[in-house]
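Engineer: Mind having a look at this structure? Questions to follow.
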Amino acid sequence: MRPTLSLLKREFTAYFLSPIAYVILTVFLLVVGHLFFLTTTLLTERGPRGIEDPMAGLLGDERFWLVFLFIPPLLTMRSFAEERSSGTLEMLMTAPIRDWQVVFAKFMACLGFYVLLWLPTIVFLPVLTDATPEVKPIFNPFSGMLLMGIFLLAVWLLSSLLLSANVKPIGLLWLVLLVGVGLTTAGAILHYRSPGEKMLLFRSAIDPMPVLSSYLAVFLAGAMFLSLGLFVSSLVRSQLVAAIVSLVLSLLFVVTGFWRPDLDPSSTTAKLLEFFSVPMHFSQEFTRGLIDTRRIVLYVSVTFFCLFLTVRSLESRRWR
């Protein structure tokens, strides 16, 4: 387990040493911020210019899908292609770590950076849901469990970031993490399911379900495209080739974000296009608060299948 965590940490840290990551972060936040501004403007409009689903204005725009299309290929193009071209992949293959652990570490690293891209957009949520927080100093055994769990998680995070590897008590940190997660989860469930007033409540004038379903879809769709890019990167030596091939394959799932042909909805072609079209899933379902399990199964299945192919690609290299 330790080699996997070390590789994951190395891969995740490498993103912050690359200028491409900062370019992706800047462009993404600028585009999403601009779309958020347009969405809030439309929310205050009346008549035909107004919108009912704020997330549809944010995630249904062509500019969003244009930027989204480039993110996974650019994040994954260096994962294996760079190591293959520099000759370090052979060293990695001879290390005491399994192929699936290598793939898992690289996938979790790029997925972690992808999630990091979306974290700043959390500040949009109070506006998109018209939510107002209510904080009350209410303390009981359940709220105490919740606060203690949050405190332990903060201790674990600070210790993991500040302590060097030589003095870091790995076993103790794992214990603190597990206890913190347990107390936080149990405290939150018991506190908010028990009768009486709560420490923190968000009252929303707009249904928050479209926001929750949209963020779930963003995470799962992102994982699917990242796994696809990871597989392509394991096949080629050039980062540029990996990015282009991954971009072309990803375009098959996103093409309706830019071009929507006039087809008979009952035709087989239209049904296939709808099934594989991620932008249509967002505009017709997720941004409206609807969660279709067929879409979830598609995203998860493609993700695991691409990761499986990536592992097989590495295993085949051992026998060449």
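Including glycine, each Cβ sits where the backbone N, Cα and C put it.
Those TrEMBL annotations? Automatic predictions, nothing curated.
From TrEMBL, for reference:
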- 12-37: transmembrane segment (TRANSMEM)
- 64-81: transmembrane segment (TRANSMEM)
- 102-125: transmembrane segment (TRANSMEM)
- 145-165: transmembrane segment (TRANSMEM)
- 172-192: transmembrane segment (TRANSMEM)
- 212-233: transmembrane segment (TRANSMEM)
- 240-259: transmembrane segment (TRANSMEM)
- 296-314: transmembrane segment (TRANSMEM)
Engineer: With a cut-off of 8 Å between Cβ atoms, can you find at least three pairs linking the transmembrane segment (296-314) to the transmembrane segment (172-192)? Only pairs 6 or more residues apart in sequence count.
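Structural biologist: Contact absent: fewer than 3 Cβ pairs fall under 8 Å.
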Engineer: Taking the transmembrane segment (240-259) as reference, which of 102-125, 145-165, 212-233 has the most Cβ pairs under 8 angstroms?
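Structural biologist: Comparing 102-125, 145-165, 212-233: 212-233 has the most Cβ pairs near the transmembrane segment (240-259).
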